[in-house]
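Below: the structure, in structure tokens.
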Amino acid sequence: MNDETRTIVPDGADRATIRRHFLRLRRELSREDWQAKNAALCAHLAQWWTQWGARRTPRWVGLYWPMKGEPDVRPVFAAWRWRALPAAVAPHAPLVFRPWQDGAPMIDDCYGIPTPECAETVCPEVLIVPLVAFDRRGYRLGYGGGFYDRTLAAWRAEGWQGIAVGVGFAFAALPDLHPEAHDVAMDVVVSDAGVVLDRSEGVRR
């Protein structure tokens, strides 16, 4: 099955159906396929990061702890000093981000996802966001909890000047996810096929 075939979802499918479809396809990737796609995605992200970073001076980068077959982009930022990981502290609250380095003590957040044990929190200038699916305008489909939408909306309401970079596999690209009022679009989207969307130069919050 090629990536074009994988993208096909039933006509009129709702978000829950689309989510299940792409999560299933991600689970069904062989280890070799996943590794190849992940390596390609990381290469494209690293190239974008090098070019973008040469024109900017970001400090904190918000990453994520990969789960359920998500791309693992941590190696791209292995040499970056200021890295942070999210923690879900309550079901309907924005995420908080805590400084993280390799080997740091970890605990589970309220959903059992590893997060740094430290109490310090930071606000990343660059936020890397995992995508279950995405469309050509940068809207994303996640797991349905709304954490990243709430987080980005809260930050931007407070004047956040950073950028959101979505990362996902190319087979999960759709023409239109028909975003809802609360959905927040990514500024940049990177897949194993390349940089799909880049509005980082035009970001003005």
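Including glycine, each Cβ sits where the backbone N, Cα and C put it.
Quick look at what TrEMBL annotates:
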{"type": "BINDING", "residues": "Arg15, Ala16, Thr17, Ile18, Arg19, Arg140, Leu141, Gly142, Tyr143, Gly144, Gly145, Gly146, Phe147, Tyr148", "note": "ATP binding site"}
{"type": "BINDING", "residues": "Glu70", "note": "substrate binding site"}
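Sequence-distant contacts of Tyr143 (ATP binding site), defined as residues of its own chain at least six apart whose C-beta falls under 8 angstroms from its C-beta, comprise Arg19, Val132. The Cβ of Gly145 (ATP binding site) has 13 neighbouring Cβ atoms from other residues within 10 Å, across all protein chains displayed. Taking every pair among Arg15, Ala16, Thr17, Ile18, Arg19, Arg140, Leu141, Gly142, Tyr143, Gly144, Gly145, Gly146, Phe147, Tyr148, the residues listed as contacting ATP, the largest Cα to Cα separation comes to 20 Å. Under a cutoff of 8 A between CB atoms, and with a sequence separation of 6+ in the same chain, the neighbours of Phe147 (ATP binding site) are Pro86, Ala88, Pro94, Leu95. Separating the Cα atoms of the residue listed as 'substrate binding site' and Leu141 (ATP binding site) is a whole-number distance of 13 Å. Put plainly, the binding-site residues Thr17, Leu141 were compared by Cβ crowding within 10 Å, and the winner is Leu141.
In sequence order, Leu141, Gly144, Leu177 are the residues near Arg15 (ATP binding site), counting only same-chain partners six or more apart with C-beta under 8 A.
Within 10 Å of the C-beta of the residue listed as 'substrate binding site' there are 18 other C-beta atoms, taking all protein chains into account.
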